[in-house]
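K.L.:
Shown below is the structure under consideration.
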């Protein structure tokens, strides 16, 4: 089964708008399932702002960097399990029950976090939400693709990716809205239960995926749904196309000895095509995380505070810029990925990422070198840094002064904001979306499900590693060396992608296989027109 972003061109989007306007049932299907993408984005983004206020409410969270990282990263750990369980549930029970179950997990997780009396309960709620995120990340685009007319399928699945980044942007807006409300972080985390409830109700009124029904030999039910999706003169042709597609799929599965994931993977690794494809697919997914994107998405308000902005609400407002740029970058990618090519977009994206991380490292070196020394005295002069064990926070706030929990006042803060914004602009159109597209194109058809699953797990595990270690790294090494470390990792990623990721732009799946099995294959070599024909 495949996940990630599916590309679509401008013509397909025009056709999409026209067809969904004429057939609102299609829009209803796509929108209802797409709420899963919105929830995915919201629940991964909301913790960045909520963490600021959780630290204020719980002393043990404020004192423990590992506890802060755990609160953030447990959703990622849950997503790894949710994605694996979701694949089994999708095949066994169908796409619709899987989405309904993900909604229950979202809703329960949101309520648990909203009423949590201690940090441990917040972590339990984050695990529930993570399970829902993992299931939604694979089930929502799958349901949309299988319940959409073929000619606008790419456009509708691409909107799921836009809803993910839109959900992240929405989470920053809602975080900002609740900054002056009693209970701040409880509202921020709990409000995710509302769209989960709405999607649950909407999905109860929608059918199962016609493809899943046909595969389970419930052909009449599948045909009835297709009659609602396609014009009457196209229905029989689509039913026949669906039958042929599923027969081909079953034949492909039969060509692989055994039906288990590990037996398929073991057989696949005997093929040079699968080995080369999997190497490229996994490395590009790992690189996507190790360039540090989720340090920005999960911790951007904290990073803004490290740059010298004390106020929680100010940090959230400024972080909204990065989330908005991420959403814009996803839109830009749709229009450029087929023009510039996958490989070129990845490499240019990494050049920008390396430059921005170097800038951020330099900014934080400047912030650190110009910070005032820590004073152990009780003189509360403006600009004085005190040890965190002192009672300075209460005195400062009583005198209407800013208390800088993370970082110190700095004239370099605006440069950090520019660096963060430029980093997102560089990342989103390239490293943000292209790894998923590469993984949808580079594997042989009969191994695409299992190889795509391995690459997705590699992505989530890498995400977990980065999320669980970022704050500890800033504490152990310092903020500037941490960003310099990510910069060095990005340089390595550039070299690796240059050496192992080929260009798949415009190539049929069969041609990709031919390219990978060639004895003269080199990822950096441009294929001639004759070789592609």
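The backbone N, Cα and C atoms fix where each Cβ goes, and this holds for glycine too.
Quick paste from TrEMBL:
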type	residues	note
DOMAIN	29-505	domain 'Major facilitator superfamily (MFS) profile'
TRANSMEM	29-54	transmembrane segment
TRANSMEM	66-88	transmembrane segment
TRANSMEM	100-121	transmembrane segment
TRANSMEM	127-144	transmembrane segment
TRANSMEM	156-178	transmembrane segment
TRANSMEM	184-206	transmembrane segment
TRANSMEM	273-296	transmembrane segment
TRANSMEM	316-338	transmembrane segment
TRANSMEM	345-368	transmembrane segment
TRANSMEM	412-438	transmembrane segment
TRANSMEM	450-471	transmembrane segment
TRANSMEM	483-501	transmembrane segment
K.L.:
Tally Cβ pairs under 8 Å between the transmembrane segment (412-438) and each listed stretch (66-88, 156-178, 184-206, 316-338, 345-368), then give the stretch with the top tally.
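P.N.:
Of the candidates 66-88, 156-178, 184-206, 316-338, 345-368, 345-368 scores highest.
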K.L.:
Which listed range (29-54, 450-471, 483-501) shows the maximal number of Cβ pairs under 8 Å with respect to the transmembrane segment (66-88)?
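P.N.:
Looking only at 29-54, 450-471, 483-501, the most contacts with the transmembrane segment (66-88) come from 450-471.
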K.L.:
Any chance the transmembrane segment (100-121) and the transmembrane segment (450-471) are in contact, meaning at least three CB pairs closer than 8 A with a sequence separation of 6+?
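P.N.:
Stretch pair does not touch.
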